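Per Swiss-Prot, 4-CDP-2-C-methyl-D-erythritol 2-phosphate binding site is recorded for 218-220, 244-245, 266-268, 271-275, 342-345, 349, 352, and the stated evidence type is sequence analysis. Residues or ranges marked as divalent metal cation binding site by Swiss-Prot: 218, 220, 252. Annotation source Swiss-Prot lists region '2-C-methyl-D-erythritol 4-phosphate cytidylyltransferase' at 1-212. Annotation source Swiss-Prot lists region '2-C-methyl-D-erythritol 2,4-cyclodiphosphate synthase' at 212-371. Per Swiss-Prot, the feature site 'Transition state stabilizer' maps to 16, 23, 244, 343; the stated evidence is sequence analysis. The feature site 'Positions MEP for the nucleophilic attack' is assigned by Swiss-Prot to 139, 191.
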């Protein structure tokens, strides 16, 4: 049995994918795509190490703590070099998280090919006529290269010690004189690049219908000389709320609820009050940025409920406008947002009129990429 480690490349920004969710975070059942693709390959072989390359290592590690995670670079090649620093096995298998349907048949051909060369690469032939400029190319000489690719680790590390950028491992291996062996690829190993590719991937199943609830709470004291903002609405009052941002305590609680439902920490981690960039900033902008983050990892908001606790000022007449502000910022129907107001019956700092407290809940579901 060969000594092999697996590297899964998934640090791209999905710029060509054209959906609010990054492709690596599309849910296949309950698993994000990167995890589904990694599990698929790990069912075929007992790898020495499984290394996932990402820009979100800490968050990913919560899904698979038994894997190793490494931060990706600006290019595929730099990402691979970063991962290779953790590899000590004789061979390394490199694949993309965007190829979730690798078959056991293809995997076996790649492993068997290790007897033939230093690098084994799946490749497809083309059936269509091909041109380069105005010249017809002999299509029998054209190969469409796929992953996973199996290489001798020491040679691949050597091959990548260059400023020349390569788009796959075999190109780098050829450049240092390593032998390369092609095995017949598989159409089912198609790579997801744009959203139209999803229809070409046979093994994908729709996201599960699980829902996730988050709770957020925040409280601020009144401060004279500041504007009072609640749910993106300016309220005429003699006091505002003391804060680093605009002090919109309701949006802070809602932002925490949304982040919490996705397991993405809290508003203070994303927008620390020690950062001058966020001094006086609109909390609607912070909410939008937080929601983009939540969307990027595969969630969408179903509904949110906000309870504002204030002895004064009276805000009942502003509730519908507040709901519309939030719905507009998040591109949702207003009926998905509910704002309530209450007092604390003269109890506590709220009852004494010293400030405002808010509790919010948010309900998320997986983004449905099948629509």
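Cβ coordinates come from backbone N, Cα and C, glycine included.
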Open item on the list: My understanding is the cutoff is Cβ-Cβ under 8 Å with a sequence separation of 6 or more in the same chain; which residues meet that for residue 16 (site 'Transition state stabilizer')?
Closed with: 193, 194
Task: Local Cβ density at residue 244 (4-CDP-2-C-methyl-D-erythritol 2-phosphate binding site) - other Cβ atoms counted within 10 Å - done: 16
Task: residue 344 (4-CDP-2-C-methyl-D-erythritol 2-phosphate binding site) versus recorded positions 23, 191, 220 - nearest by Cα - done: 220
TODO: Compute the centroid of the Cβ atoms of 218, 220, 252, then list the same-chain residues not in that set whose Cβ lies within 8 Å of it, in sequence order, for the divalent metal cation site.
DONE: 219, 241, 243, 247, 248, 249, 250, 253, 356, 357, 358
Open item on the list: I want to check the contact list for residue 352 (4-CDP-2-C-methyl-D-erythritol 2-phosphate binding site): same chain, sequence separation of six or more, C-beta distance under 8 angstroms. What comes out?
Closed with: 311, 346
- [ ] Determine the most Cβ-crowded residue among the binding-site residues 218, 275, using a 10 Å radius around each Cβ and all protein chains in the structure.
- [x] 218
Open item on the list: What are the sequence-distant neighbours of residue 191 (site 'Positions MEP for the nucleophilic attack'), meaning same chain, six or more residues apart, C-beta distance under 8 angstroms?
Closed with: 96, 98, 99, 146, 147, 197
TODO: Name, in the order they occur in the sequence, the residues of the same chain whose CB lies under 8 A from the CB of residue 23 (site 'Transition state stabilizer') and which sit 6 or more residues away.
DONE: 12, 14, 17, 33, 98, 192
- [ ] List only the single closest residue to residue 275 (4-CDP-2-C-methyl-D-erythritol 2-phosphate binding site), chosen from the recorded positions 139, 220, 252, 343 by CA-CA distance.
- [x] 252
Task: Average model confidence [pLDDT] within the region '2-C-methyl-D-erythritol 2,4-cyclodiphosphate synthase' (212-371) - done: 96
- [ ] Compile a sequence-ordered list of residues in the same chain as residue 220 (divalent metal cation binding site), six or more apart from it, whose Cβ lies below 8 A from its Cβ; state 'none' when nothing qualifies.
- [x] 241, 242, 243, 247, 249, 355, 356
- [ ] With residue 139 (site 'Positions MEP for the nucleophilic attack') as the reference Cα, tell me which of the recorded positions 218, 244, 252, 267, 343 is the closest one.
- [x] 267
